[in-house]
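Participant: Take a look at the following structure, please.
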Amino acid sequence: FPAMPLSSLFANAVLRAQHLHQLAADTYKEFERAYIPEGQRYSIQNAQAAFCFSETIPAPTGKDEAQQRSDVELLRFSLLLIQSWLGPVQFLSRVFTNSLVFGTSDRVYEKLKDLEEGIQALMRELEDGSPRPGQVLKQTYDKFDTNMRSDDALLKNYGLLSCFKKDLHKAETYLRVMKCRRFVESSCAF
């Protein structure tokens with residue numbers, strides 16, 4: 001992220017977050033289609049919902065709550081969400097060795113790093129260049145399990161992909177709320 005106007009920094013961060021969220025959603029669907037019998041999907045989704053680590057972060061749960069928070073707070077939450085996945089996604093490509101969707105998986109880590117840098121650039125701009133130490137995650141997500149012949153591994157990966165999709169949706173929402181608050185545009189209705 002070279003020096004550029006704040007509006008461009010926000011636009012780039014939102015585009016990166018949207019792309020990552022779409023990639024996470026596509027991956028989740030591809031995994032579900034390949035490994036989870038249709039009759040089990042709903043019950044497994046409900047069981048997995050309680051296991052997202054990000055639920056322990058006191059972050060807003062939707063657009064309305066996000067609008068009550070400052071931009072710096074939303075950037076910090078977004079950064080925490082992104083950083084919590086940097087380790088686990090490095091194992092993602094090994095899980096999907098034969099998948100068309102995951103021809104792009106090797107780049108997921110780079111895309112997350114890109115977004116992390118973009119969020120950090122926004123934080124520097126909004127905090128007058130003096131970033132304060134934020135919350136550091138003492139715990140993060142487990143790595144994806146590469147043993148796809150085990151039911152436990154399948155369920156673990158399914159749950160992780162569900163959380164990955166949810167967390168990227170949150171980060172995208174926070175970035176869009178901030179962008180819309182600062183730069184009213186026609187694309188702000190979501």
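In case you wondered, yes, glycine gets a Cβ from its N, Cα and C as well.
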Participant: In Swiss-Prot's disulfide listing, C163 is paired with one of C52, C188. Which one?
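Facilitator: Partner cysteine, according to Swiss-Prot: C52.
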Participant: Do any residues at least six apart in sequence from C52 (disulfide bond), in the same chain, have a Cβ closer than 8 Å to its Cβ, and if so which, in order?
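Facilitator: When sequence neighbours closer than 6 are ignored, C52 (disulfide bond) has S162, C163, K166, D167 within Cβ distance under 8 Å.
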Participant: Round to the nearest Å and give the CA-to-CA distance linking H19 (Zn(2+) binding site) with C188 (disulfide bond).
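Facilitator: The Cα atom of H19 (Zn(2+) binding site) is 17 Å away from the Cα atom of C188 (disulfide bond).
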